[in-house]
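Everything on this sheet refers to the single structure shown next.
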Amino acid sequence: MQAPRELAVGIDLGTTYSCVGVFQQGRVEILANDQGNRTTPSYVAFTDTERLVGDAAKSQAALNPHNTVFDAKRLIGRKFADTTVQSDMKHWPFRVVSEGGKPKVRVCYRGEDKTFYPEEISSMVLSKMKETAEAYLGQPVKHAVITVPAYFNDSQRQATKDAGAIAGLNVLRIINEPTAAAIAYGLDRRGAGERNVLIFDLGGGTFDVSVLSIDAGVFEVKATAGDTHLGGEDFDNRLVNHFMEEFRRKHGKDLSGNKRALRRLRTACERAKRTLSSSTQATLEIDSLFEGVDFYTSITRARFEELCSDLFRSTLEPVEKALRDAKLDKAQIHDVVLVGGSTRIPKVQKLLQDFFNGKELNKSINPDEAVAYGAAVQAAVLMGDKCEKVQDLLLLDVAPLSLGLETAGGVMTTLIQRNATIPTKQTQTFTTYSDNQPGVFIQVYEGERAMTKDNNLLGRFELSGIPPAPRGVPQIEVTFDIDANGILSVTATDRSTGKANKITITNDKGRLSKEEVERMVHEAEQYKAEDEAQRDRVAAKNSLEAHVFHVKGSLQEESLRDKIPEEDRRKMQDKCREVLAWLEHNQLAEKEEYEHQKRELEQICRPIFSRLYGGPGVPGGSSCGTQARQGDPSTGPIIEEVD
């Protein structure tokens, strides 16, 4: 029997929700997780006993706010001192600490203090998506295309790639979210001739605008713009602040210091925001929000729009910039395509429609799933899928920011202009600034400003051993090379000696080293093993409980009441009571202890039931063993809630 063909998946790793898709038999399928949901919250929670990822983590966030981590995408590839990180920390209930200038989240897991890099948290979400795909496909998944906001810089892309590696994935390609959405939009519109499309992607935490031309399977990005720190969560924050102020006004109490109350309020605000996309008013009802005070209030759509008006309006600036860079007039755009959950907000749609002079917006693709859909198609292309639908699909993306180096006087000398099609390679020759200079210090920047101090330093390296010569004589050739992932490497070569030095940009040592990634891969496997052990433990506990209640139930049955001798009945009842009392005090026992208790109970019950039935049977025609196995997750669902 031949092995199943290896499949690659497309993963939309979102700020608030993630989504996974696969392309097979000529079509994309978006895969539902173990809760039946096609999107999974990008949440990871740590408790005294286990680690939770996705829906399970988000649903217990109010009970465990300090150890429930979300928004890793707003930390990934950034420095701790970054102003956005500092302002976000005010809203997060979990702690963020600095380690070597990099942010790490600090949580309490199994009674110990632990710190995790954002890449590790994101890798846990990616592992969950990988497991979702494996459960659906029935085979291991090793390869993936992962999406990032178009405006993510080099270090954020590198860090996302590292997160994939920690999750045990071979990241085939990092692609831009709006480009992936454009594939989802354009795949079934092959015969329509060349069309200029503007993708407006407003998600939970990031905002991108991309202008593309789509023609016969060629998707060419003309320009991209955006804000890596604008999305639905910022609208939630405005609502939270509004209601916190209202609570203080009405009840004279400040709940800003209570993480649990804030989490409950935030959840209610998120729900109200969604309601306001379809209704003009939303009601919040939170029992005993803070110090026993119930909070019942409402908000109108108009008030919500006023609270967020500056944020909504700010989405138009990147639209104008992308059109300018693409050298297109708004009248030349054939389709304006909405992507991301926040584009459901009526005011956002109205502002955009008015900007395009009343043009009808295109809502034909699912805003929550389009990015994963496009990523799945690109994954199939990179795996060499022969389906005619994707065979001649070509993706031409761009570098979102200009790249260059610092020359004398702190001037930014650009080698790669923003919106240059990638992959790309540019070479320029530089020379020394002073006589007999033994080396050159090359500092690489990204950004659009004339002076490097106003741009973002990506990395620095030295080319030494230049033979003594007057200034201006040595020739140093510098090459900037961007690969298809949008990741940059820079080489400097001294022409006279042929000596070279190279750097793959690491955002001022912000990137994880190979050893660190390997260590995290090992730790991820360890956490997975711990999670499985916890699942087995819970299954053994449920199995024991089910068995006890089955025995107790059998003793109550009319048909058996008179057949069991009083002494045997008492023996079984006493044992059941003993096991239940033991369970009460041993909620966190090991799997083996539960199994031992179950065996002891079986040793008492089996001979009695055997005598009764003249064989190994128990009531209902099932043996003790099968009855007990009902708690086993492999034979059926457990419907018992486990705290």
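Here the Cβ of each residue, glycine as well, is placed from N, Cα and C on the backbone.
Positions annotated as region 'Nucleotide-binding domain (NBD)' by Swiss-Prot: 3-388.
Non-local contacts of Tyr17 (ATP binding site) by the CB criterion (under 8 A, 6+ apart in sequence, same chain) comprise Thr39, Thr40, Pro41, Ser42, Gly204, Gly341, Asp368. The annotation ATP binding site is assigned in Swiss-Prot to 14-17, Lys73, 204-206, 270-277, 341-344.
Summarising the annotation, Swiss-Prot assigns region 'Substrate-binding domain (SBD)' to 396-511 and lists similarity to another entry as the type of evidence. Here the region 'Substrate-binding domain (SBD)' (396-511) is broken down by DSSP into helix, strand and coil counts: 3 helix, 60 strand, 53 coil.
The feature region 'Disordered' is assigned by Swiss-Prot to 616-643.
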Rank the binding-site residues Ser277, Thr343 by the number of other Cβ atoms within 10 Å of each Cβ and report the first-ranked residue. Thr343
A 10 Å Cβ contact count, applied to the binding-site residues Gly14, Gly205: which residue has the minimum? Gly205
Arg271 (ATP binding site) CB neighbourhood, other CB atoms within 10 A: 13
Across the region 'Substrate-binding domain (SBD)' (396-511), the model's average pLDDT, rounded to a whole number, is 87
Residues satisfying Cβ distance under 8 Å from Arg274 (ATP binding site), sequence separation of at least 6: Arg344
Simplified DSSP label at Tyr17 (ATP binding site) comes out strand
